[in-house]
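Annotated features, as they stand in TrEMBL:
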type: COMPBIAS; residues: 708-721; note: compositional bias 'Basic and acidic residues'
type: DOMAIN; residues: 112-267; note: domain 'PX'
type: DOMAIN; residues: 530-557; note: domain 'PLD phosphodiesterase'
type: DOMAIN; residues: 1000-1027; note: domain 'PLD phosphodiesterase'
type: REGION; residues: 1-23; note: region 'Disordered'
type: REGION; residues: 642-664; note: region 'Disordered'
type: REGION; residues: 686-728; note: region 'Disordered'
Amino acid sequence: MSLKEVGASNPALNDCEDNGTASTVRMDDVDQTLDTSLACYSLAEEYDDILGFSDSITIVSMGGEGPVLVQRQDDGDQESIVPESEIPYSYVHNPPIKFNSMHRNIFIPGLEINVEIVDYERSLTAHILNPNLYTIKFTHGPFSWTIKKRYNHFRNLHQQLTTFRASLNIPFPTKSHKERRTSFRNMHNVHQCTASPTMQMKLEKPNKKRKKSSLPRFPLKPDSLVSFDAIPERKKQLEEYLYNLLNISLYRNQQDTINFLEVSHISFIAALGQKGKECLIKKRTGSTRAGQAGFNCCGCLTAGCCIRCSYFCSDVVWSKWRNRWFFVKETCFGYFRPKDGVLRCVVLFDQGFDISSGMYSTGMRNGLQLATNSRYLVVKHPTRRTAKEWMSYMKKVANDTARDFTMPNPHQSFAPSRPGMQAGWFVDGASYMSAVADALEGATEEIFITDWMLSPEIHMKRPAIDGDYWRLDKILKRKAEQGIKIFVLLFKELDFALGINSYYSKQKLVEQHKNIMVLRHPDHARAGVFFWAHHEKLVVVDQTYAFVGGIDLCYGRWDDYKHRLTDLGSITSSSTCSSANNTTLRKPSTVVELDEGGTVASLMRSTKNIAVVTAVDTVDKGLPVLEAGDKLLMAAAQKLAAAPAPTKSESEELPENIKMDTPEMERRNIMEKLKDMGRDLKNKITLSENDGDLGGKSSASSPGYLSDDERNKKKEEEPAKEPLPAGVMSPAPFKSKVVVELDGQAKFWIGKDYINFIVKDFSNLDMPYVDLVDRSTTIRMPWHDIATVVLGQAARDVARHFIERWNATKLEKCRENVQYPYLLPKSYNDIRIDQAFLDVPMQHVTCQVLRSASSWNCGFIEQDYVEQSIHEAYVQTISKAQHYIYIENQFFISLGMGNPTVKNQVAEYLFKRIMRAHREKKPFRVYVVMPLLPAFEGEVGGATGISLRAITHWNYESICRGKNSLLSRLSTAGIKNPMEYISFHSLRTHSCLNGIPVTELIYVHSKLLIADDKVVICGSANINDRSLLGKRDSEVCVMITDEAFEEGRMNGESYPCGIFAGKLRKYLFKEHLGLLEPAPNRAPVDVTDPVIDSFWNGVWRWTSRKNTRLFDEIFRCIPSDNVHSFVMLNKFLEEKSLAVLDPEGTQKALQRIEGNLVDLPLKFLCNEVLTPPGTSKEGIMPTYMWT
């Protein structure tokens, strides 16, 4: 037999011992291979041994002169390789590789593939030549899967591999070939070691010899000649053939073998769950959505008049069939394009899933029609058998691992209720943003963010003493550089209607790194969506930790329970005007003294010098940490005693790379430095050297301001003080008049972040460090908000919603953009949670993810399909409440049933529940906290306040005005005093600016419902039709039910109080009543029982009325129950308040205000029509835009 006949014109293809060196191919090796092959073939003519090959040989390249082989130098024994247990999830985001490449990473390194033929089916009538259908089970590490093949499939594989083997070139020992082999060997070794930190191959015994592998001997006798008694032997032959074949990496990684095994690069990624089922199929083009493709002939074909004509036109004439690699995972399916390896489709199992086959459904005997709520596919399989197998398998998956999403769930949600979850809550943006920053910092694979508005320059932790380290865009850039993939979905606004500038946010983020991908949606004209918005506020990390609430990562949202009104950033008066929000001085170890005219910038300069001196004098000396609200003691007569400026000789001894005179934030951007200096000049308060009185704004020549040169010169002229030990701050021994009267705070709100929405809405967001308002004359609007974090399977559900929206947006906007991939949901099994990941108190709860979703925002095929599970959860929770309901919401727009304008039923179910309590004569309380005014720019009584008055109209229309309002219906139904069951409140605070008392409403942006200290619904949904009906704004909430309880009380009786819901409610009560900080002159208040009359009337409502009266007397606040018309409003505003007339005299009255709780003024402008006039642009808009 000649060399050509056996296809052995190849290098050293026989199994050989590894001697630890890279060898070139010699003709002696080829002769030896021939002898071995001929001997084997002559001894056993029933077998083909031509595929004998050394596993140490690999391919250099497939291009140019053809494949060139090299024997790897470092290939040791397979057993000496420390095997990996899985392929990292990050491989999902690797650049796509075409399927015929020899360098695809498919299998888990170091793990072999076990083969077992577990069953067979024999049919001599239907398949004469290949009667046996073998069921083959493969095991690869923790993964197992089965395939069904006939003998002809084995033979075809063997022929393809034989052809492949015969095509390999003999690399003659020339210099060029030697260089190519050496270059590839080095490249291959580096690739194997650096592909992933978790995929490195570590050799335990490098000098151990390679174990000789058996030859893959293919049985040549066809199955039709194999007797029934010989079938067990035939099974053993095929098992051994496959096993030995798969132990040769060159064959194992060949495309035909991979297709035979029905595996791909996502098969063995543990985070995606079980391997599932895969194969090469044909997909009809244009079948993404029902009715999208094909010739319709004026609708006659879709009417079903001729099935065959219909499919002839759609399949043959107007459509094409493309090869696609189809896969099914635990909760999704999709396909790749083999020619370039690009993921072309991901479809999530949902309640609309359906699969059908047959002539009527597909026009083919071997076709399948797949449909979900968002996609429609028609695929064609090679045979009817495989089509039936796939249909059966997908139905099994839909009823098993995907059952949570294909079967009906409580509240008609897309996700089920999940017991045994962990959840935590956040009140106000400070703690929320800090936790989000920590979560982002700990991300290892993916980050999902979706917001109504996102500000890249937002500082997540404050004050920003670490420069811009905790700035959002810097965090995302840092993670992107580490290889983390970041996906951001933003609401694309109408530019003329909103000033949130999502285009700037997108450009600012994508320019940071290629791993940050941002999509904006919707394209209004193409989608036909002009009035609705994406309103979700979600952050998901690694599909394991999900933050859900009402807090956007944007300007104006960061706040804490103190709800500060001013932020001059340097010096304020501490003796002229005192406020309930002022904090006391910290202990001396955290007090920092600044030079005359000191600012936050000079503080940073001083701390830099401290760090330098510490580094020189001592080692590991801790520095005091500046926290939110820390006092900065302004000592005009002293300079920083703890860290004297280093002398010239000291400076010379310092390392060259240490800068002592430039603060970190100023060093980063000179323009930012100039802007900050301008604001400091504007806001500076003059320090008088003689008497310490407060003066006007200082200039560069005033005593209160010293330039850097003047300050340094002054330091040189002053006598040197005895320095304290390195790292120790001066305890401020001098108590001069200036020290007592002046104090400062670190700056919390920088640039656009300092905002009052009623005074000035967002504009020019591309200039983030330019103030919107003059903070020396305008107070900010405090922001009250609530959010949650959920872990595990509930977080997977939140991620699933994001993935559904992302994939729908990609399909609509950038289908061909490979840089923006489709996303895959992770498995719901074996979720690994790091308990130390978040420093947040977590509770054991049952959690369900709810949403408002429809065709325009989630890509549903049917325009009429809507999910309003948030609305369903609200009304069911209200209906089932036994003792109380606590609501915090931005709006309260809900009318009785039968109203043609407002459709949601929140008010209807509140009415029914209160009437039931009235009939049963049982106490039942409904707490409602909402903002005093909507956050729309404009004056309440002016021409610019039309939008503000429109929202106010619908709030009052729902609460107390008109026959369909809640209070009016309760009174009509026979309840004399509805306030015994339900009361409406708001929040307001006060402070001082330039020595004058000031006040502002606290904007309640929360979307929260708590019932009976057991159930919490929190998210992004307002109480209005926009959020609750499903077909308008897109929303996400979580419904959390406690599983752990503690002793509580309801109406004076013992009651099991849920830890999650109960602690959240008690914290909110304490914050609103001013109980978070100790007040020695105030009687203790117990917030344990929210139902008992002594708390409802004796504490809650009494405190609210008292605070309302004091605010009205001192500040003459707007809105007010004393103003019933625009005429009264103008007169009311003309009169000066006591706070202006007698600032010092109002201090005692201000101290009587307890907390922030006030009454919502239900009689405000009750004699006016607040709806927009028909001639205004707001009046032209449809009514449903406001509701």
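The backbone N, Cα and C atoms fix where each Cβ goes, and this holds for glycine too.
Panel annotation: around the domain 'PLD phosphodiesterase' (530-557), residues 426, 429, 432-433, 435-436, 439-440, 442-455, 458, 460, 472, 489-491, 493-494, 500, 521-522, 524, 752-753, 755, 757, 762, 765, 781, 783, 785-792, 794-796, 798-799, 801-802, 805, 825-826, 831-833, 837-838, 849, 851, 856-857, 890, 1005-1007, 1018-1021, 1026-1027, 1032-1038, 1181-1182, 1184-1185 of the same chain, lying at least six beyond its termini, place a Cβ under 8 Å from a Cβ of the stretch. Secondary structure by DSSP for the domain 'PLD phosphodiesterase' (1000-1027): 3 helix, 15 strand, 10 coil.
Taking H, G and I as helix, E and B as strand and the rest as coil, DSSP gives the domain 'PLD phosphodiesterase' (530-557) the counts 0 helix, 10 strand, 18 coil. A mean pLDDT of 95 is what the model gives for the domain 'PLD phosphodiesterase' (530-557).
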